[in-house]
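As written in TrEMBL, here are the features:
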type: COMPBIAS; residues: 315-337; note: compositional bias 'Acidic residues'
type: DOMAIN; residues: 128-254; note: domain 'Palmitoyltransferase DHHC'
type: REGION; residues: 288-337; note: region 'Disordered'
type: TRANSMEM; residues: 43-67; note: transmembrane segment
type: TRANSMEM; residues: 73-92; note: transmembrane segment
type: TRANSMEM; residues: 171-194; note: transmembrane segment
type: TRANSMEM; residues: 214-235; note: transmembrane segment
Amino acid sequence: MMLIPAHHFRDIERKPQYLQPEKCLPPPQPRPSGAMWFIRDGCGIACAVVTWFLVLYAEFVVLFVMLIPSRDYVYSAINGLVFNVLAFLALASHCRAMLTDPGAVPKGNATKEFIESLQLKPGQVVYKCPKCCSIKPDRAHHCSVCKRCIRKMDHHCPWVNNCVGENNQKYFVLFTMYIALISLHALIMVGFHFLHCFEEDWTKCSSFSPPTTVILLILLCFEGLLFLIFTSVMFGTQVHSICTDETGIERLQRKKQRRERRGSWKSVKETFGGDLSLNWFNPFSGPRHPKPLSDRDWVRQVSSVSDTENTETTTTEEPEEPSEEPKDEDFAEVVDE
Ligand SMILES: [Zn+2]
Ligand SMILES: [Zn+2]
């Protein structure tokens with residue numbers, strides 16, 4: 001039995017405890033299927049509450065300042081319906097993005113039995129995450145907020161208090177899209193309202209006093225502009241990631257040329273759940289679930305060793321360059337002579 005490559009010394013002979021990780025607790029009981037996924041992170045929960053508050057504020061101003069006092073009932077009914085449907089879809093997408101398991105790798109599966117059961121062949125390697133004691137499949141990264149390794153982790157988003165990964169990217173994309181749409185719609189309505197009120201008597205424009213009306217509308221304008229810019233950029237970045245089959249972390253690690261990528265249309269269909277249909281825009285319809293992980297998914301070829309450096313990353317909305325510190329990741333590789 002010999003070990004390669006020579007520059008990786010954290011191998012089976014020098015560090016035989018990789019098979020019996022001391023720091024790792026026994027694997028916890030698997031979560032019952034259907035159990036709710038929710039990250040207990042104070043900052044994330046606060047950001048998620050603020051998101052809901054801002055959407056409900058926009059809802060209040062659109063309905064009670066602009067549409068209900070308006071005497072043009074057709075205009076109010078159509079715009080009220082469109083805005084409410086979009087706001088409902090935005091909040092539903094937010095809930096689904098927050099409460100869906102983004103693709104967590106089973107915690108503590110780096111057991112002796114499991115590693116042995118993989119029967120590593122020459123040139124094969126498995127990676128163990130020392131933080132959550134799991135074997136990382138390809139394209140998984142550890143999130144220190146979720147305290148789990150997440151498959152195809154794009155970034156951790158505090159606004160949805162969850163990682164954006166393989167299983168919930170669709171909901172996150174829909175969330176950014178619907179927020180951008182309601183922001184644009186609110187801005188257009190505020191524009192019309194101002195035009196209309198300049199022509200008419202301000203007192204007939206809203207059931208609130210003119211100064212209150214103006215302050216509420218200006219705040220809505222600010223909110224709408226900020227969210228429109230932010231969510232449009234995020235939406236564009238996510239769609240680009242899906243089309244190029246490259247997550248935000250992979251883009252930062254410049255793994256572009258080293259990994260074989262799927263065709264963009266296949267990647268889009270897998271993320272949004274099948275062929276193009278209305279379901280793509282439905283937050284209640286899930287993405288197309290890839291096949292469950294097989295033994296092959298846990299094992300990587302030795303040629304991809306350098307690709308997986310610095311896999312422990314915590315990212316926020318705009319992920320930072322992962323640190324250049326040597327990875328604290330056990331590395332086990334067995335080659336038969
Ligand atoms: Zn981990
Ligand atoms: Zn996370």
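From the backbone N, Cα and C atoms, a Cβ is placed for every residue, glycine too.
The list of residues near the transmembrane segment (43-67) in space but at least 6 beyond its ends in sequence, with Cβ under 8 angstroms from a Cβ of it, reads 75-76, 79-80, 83-84, 87, 90-91, 94, 98, 145, 158-162, 179, 182-183, 186, 189-190, 193, 206-208, 213, 216-217, 219-220, 223-224, 227. Across the domain 'Palmitoyltransferase DHHC' (128-254), DSSP helix (H, G, I), strand (E, B) and coil residues number 77 helix, 19 strand, 31 coil.
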